[in-house]
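A.B. asks: I'd like to ask some things about the structure below.
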Amino acid sequence: MQYLNFPRMPNIMMFLEVAILCLWVVADASASSAKFGSTTPASAQQSDVELEPINGTLNYRLYAKKGRDDKPWFDGLDSRHIQCVRRARCYPTSNATNTCFGSKLPYELSSLDLTDFHTEKELNDKLNDYYALKHVPKCWAAIQPFLCAVFKPKCEKINGEDMVYLPSYEMCRITMEPCRILYNTTFFPKFLRCNETLFPTKCTNGARGMKFNGTGQCLSPLVPTDTSASYYPGIEGCGVRCKDPLYTDDEHRQIHKLIGWAGSICLLSNLFVVSTFFIDWKNANKYPAVIVFYINLCFLIACVGWLLQFTSGSREDIVCRKDGTLRHSEPTAGENLSCIVIFVLVYYFLTAGMVWFVFLTYAWHWRAMGHVQDRIDKKGSYFHLVAWSLPLVLTITTMAFSEVDGNSIVGICFVGYINHSMRAGLLLGPLCGVILIGGYFITRGMVMLFGLKHFANDIKSTSASNKIHLIIMRMGVCALLTLVFILVAIACHVTEFRHADEWAQSFRQFIICKISSVFEEKSSCRIENRPSVGVLQLHLLCLFSSGIVMSTWCWTPSSIETWKRYIRKKCGKEVVEEVKMPKHKVIAQTWAKRKDFEDKGRLSITLYNTHTDPVGLNFDVNDLNSSETNDISSTWAAYLPQCVKRRMALTGAATGNSSSHGPRKNSLDSEISVSVRHVSVESRRNSVDSQVSVKIAEMKTKVASRSRGKHGGSSSNRRTQRRRDYIAAATGKSSRRRESSTSVESQVIALKKTTYPNASHKVGVFAHHSSKKQHNYTSSMKRRTANAGLDPSILNEFLQKNGDFIFPFLQNQDMSSSSEEDNSRASQKIQDLNVVVKQQEISEDDHDGIKIEELPNSKQVALENFLKNIKKSNESNSNRHSRNSARSQSKKSQKRHLKNPAADLDFRKDCVKYRSNDSLSCSSEELDVALDVGSLLNSSFSGISMGKPHSRNSKTSCDVGIQANPFELVPSYGEDELQQAMRLLNAASRQRTEAANEDFGGTELQGLLGHSHRHQREPTFMSESDKLKMLLLPSK
């Protein structure tokens, strides 16, 4: 009991209190560790926790325990239990700041060492600024856990040191893609940039398990969308609204008003043209005028596509998608076809209009060159094929590449609003083609018309000259305006291409500024670089003005007359107006129906032309210089079927530089037609009087050749043959056929018309004498217009001076007359005429007629020989000779030359160079006969040279020409040249006669008739009075 010392009781109580306090501290530490979710056990301060340094950085990798056996996780494929830490200073969070973006943090200690802030208040203010990322929806959902792991990380003591848990590098990379629009801006500080030094790889973080509100909002001018194709670049979940943000609301109203007015005017203008063509389609359906109709039709349909946006709710339906974003990359699934329909209406028909414009320039160029209408009409099917198929190919290509984009400010869908390279290839490419091809044809056509205008003195009609001037002005103005509009449109497109990137970048900066300053009271964000509304207005004006310019082709008096006739017809007051057709068009119509004439024996043609087309482009350059009237006489109409039977038939051919007198290729075989100046005598009976009309025509020498080979021959062979024919015509050499004797004689007569135009020169047939006699026959001309009414005195003097020369040329000529009533045909021939006219004094008032008697003298003998040579040459004018016959011919000619060497020496000198292919051809420039036509002013003459009737190989056509003044024909020749020409003619006749006798062939007609018929063609002698009657009898 002694050891019990009660006074020591207070010491025991003190010891118990200390023990209880220690137990409470340990229990509290355990509870705190469980509260923060730490995997570190209560003995974390112990030295048994393993920390692995990461690549020599300040970061450590912490491996958690696997389970009861306390084995760590070293499996590299599972990083859920691997955490990364770094030494830091921890601070306890309060209840007010223990949240992050509205979610409560699962720990109470945090650290500021991962940021650049020094106080918790600064950190919270900056964290609130990141609420602006809600306007980048995809970014907002991905970046909230990362921001909480950086701004408010978990912090605790490990092995006795404060350690902060780090977010992983993968966690940082997740936020880069949806937040890329702001990632490289000042909105994201450097400590938020993904870096493996700051954020180790393959680490877990507790913040990833936190729940956040990830709902984002799209900031105007963006709208939310779930279609990835509609996302604005850099802002996933939002797309640009349908209304173009680069233009203000006021600018939208201006553009819509301009499209409405300009489109309506263009629509009405094109509708007027289309209606004008429809009401008079029969007269207007001719090229190139009908091309204007198709151009205006294309612009009309395109204007309809432009104006459809003004119907109720159509604009939004055309250019906007269902989610409110702008349409692009159409066609797409799930959307209506309104955008595609508008695209086809606008793009397809505008492109077709451009192609038709090129064809307009092409056809107009050919018309200005003077080519016939049929040559252009035959290409009509090709025009349609190209004009409608080429735009179709471009349209299908555009839709196949999904390059149809909408544009809200213009209210249509078009090609390449986003992909400018596609717009350059599918729009600007065809425009450049229009400029190049159309400009080429317009330039050539204008040069031709300017050439006609320059030589306007050759055009006798003032209206024709004014018509050329009007055509030049119309086409020139149209071409100039079209060129300007296309160039301005191309310039507008190029301006858009150049500045599109600047506008896009400026809009992007505007979006970033609005997102960054969303919580500012007064925002200073605006689009720095925007497209000019003036350029867009100019572009639209050029487009619609082009359609209006194309409609001006119908702003002519012809269109007004067309509407007048239409209105009178609808009101029951139609007036039949007949428009007479020019003679050359009647001949062309007759030739086109020659098959009907051959099969049925009768022909029905139209002598009245249609009215002028509304455009006025169906002009004929060949008509501009024509001085003939539209009056068609019965004689001319009766002779018209004969024109069909003859190749190269031209009646009423005009003089001048017209190109319509080119040869008509009417035969399958090669044709060579040489048209020279003709003088022929036509005897007509008008009432009781007998008249002799002399007509002078000047026609260009043309060679029309067609290959004899098969139709399948190459084009190079045809070009070579045409080149040879042209060279032969230019040099006067003919390698395949020779001219008939009648053709040579016609050339002789024609060239001597112009030898002595003055009265003082007396050569050959016609002589110009005293002024009284000139006045006398001039007065007689007044009896009948365009005919030389010669009284007996003039005719007597004519025969006295020239009878010994003109009658031989009438030898062997078929003077025929035909009648449509009884289909009768009579033919008489005047052969071997040896007439000498007795010269006598005739007073001015002497009208007793002509006194003729036969006086044999020395001249008659020479004339008989001359006539025999001509007769023999006419009988063998179309005979072909073989090489052997040519040799025998040359032998016989050598024998005859020995008898008369002096007469034939000049012939060999002048004609040997024209011998080619065993045929002889003497050019018209070297065959001259002493003629003088000075006394027959304003006279008319027609003759027919019948070599080989109905032959398909060679025909010579001497046709009626318009009147010309012989005094204006300047060329003259000397006496030596005339004598030389006569020698050439005589020698040619002798050689042909010898060749005919050698071959026993005669003419082709004689060969067909046979021996008995040949005897019937022997010359018969007639009395002088009968011969003169045959000369003066009327003949058609």
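Placed from the backbone N, Cα and C atoms, the Cβ positions cover glycine too.
Straight out of Swiss-Prot:
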type: MOD_RES; residues: Ser658; note: phosphoserine
type: MOD_RES; residues: Ser659; note: phosphoserine
type: MOD_RES; residues: Ser667; note: phosphoserine
type: MOD_RES; residues: Ser670; note: phosphoserine
type: MOD_RES; residues: Ser673; note: phosphoserine
type: MOD_RES; residues: Ser687; note: phosphoserine
type: MOD_RES; residues: Ser690; note: phosphoserine
type: MOD_RES; residues: Ser693; note: phosphoserine
type: REGION; residues: 678-745; note: region 'Disordered'
type: REGION; residues: 870-902; note: region 'Disordered'
type: TOPO_DOM; residues: 32-258; note: topological domain 'Extracellular'
type: TOPO_DOM; residues: 280-287; note: topological domain 'Cytoplasmic'
type: TOPO_DOM; residues: 309-339; note: topological domain 'Extracellular'
type: TOPO_DOM; residues: 361-381; note: topological domain 'Cytoplasmic'
type: TOPO_DOM; residues: 403-421; note: topological domain 'Extracellular'
type: TOPO_DOM; residues: 443-469; note: topological domain 'Cytoplasmic'
type: TOPO_DOM; residues: 491-532; note: topological domain 'Extracellular'
type: TOPO_DOM; residues: 554-1036; note: topological domain 'Cytoplasmic'
type: TRANSMEM; residues: 259-279; note: transmembrane segment
type: TRANSMEM; residues: 288-308; note: transmembrane segment
type: TRANSMEM; residues: 340-360; note: transmembrane segment
type: TRANSMEM; residues: 382-402; note: transmembrane segment
type: TRANSMEM; residues: 422-442; note: transmembrane segment
type: TRANSMEM; residues: 470-490; note: transmembrane segment
type: TRANSMEM; residues: 533-553; note: transmembrane segment
A.B. asks: Honestly, do the transmembrane segment (533-553) and the transmembrane segment (259-279) touch, with at least three Cβ pairs under 8 Å and pairs 6 or more apart in sequence?
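C.D. replies: As far as Cβ distances go (cut-off 8 Å, pairs 6 or more apart), the transmembrane segment (533-553) and the transmembrane segment (259-279) touch.
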A.B. asks: I need to check the long-range neighbours of the topological domain 'Extracellular' (403-421): which residues 6 or more away from its ends have a CB within less than 8 Å of a CB in the stretch?
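C.D. replies: Residues packing against the topological domain 'Extracellular' (403-421) from afar: 242-244, 247, 251-252, 255-256, 259, 305-306, 309-310, 315, 318-320, 326-331, 339-340, 342-343, 346-347, 427, 496-497, 500, 536, 540.
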A.B. asks: If you run through the topological domain 'Cytoplasmic' (280-287) with DSSP, how many residues end up as helix, strand and coil?
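C.D. replies: Counts, helix then strand then coil: 4 helix, 0 strand, 4 coil.
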A.B. asks: Report, as numbers and ranges, every residue of the chain located at least six residues beyond the transmembrane segment (340-360) whose Cβ falls under 8 Å of a Cβ in that stretch; write 'none' if there are none.
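C.D. replies: Distant contacts of the transmembrane segment (340-360): 288, 291-292, 294-295, 298-299, 301-302, 304-306, 308-309, 318, 330-331, 383, 386-388, 390-392, 394-395, 398-399, 404, 412-415, 427, 430-431, 433-434, 437-438, 441, 482, 547, 550.
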A.B. asks: Would you kindly list the residues that approach the topological domain 'Extracellular' (309-339) from elsewhere in its chain, counting only those six or more residues past its ends and only Cβ-Cβ distances under 8 Å?
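C.D. replies: Apart from its flanks, the topological domain 'Extracellular' (309-339) reaches 223-227, 229-230, 239-242, 244, 256, 259-260, 399, 402-408, 411-413, 417-418.
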A.B. asks: Is the topological domain 'Extracellular' (491-532) packed against any residues at least 6 beyond its ends, judged by a Cβ distance under 8 Å, and which are they?
C.D. replies: 129, 131-133, 135-136, 181-182, 185, 187, 219-220, 222, 232-235, 245-247, 420, 423-424, 427-428, 538-539, 542
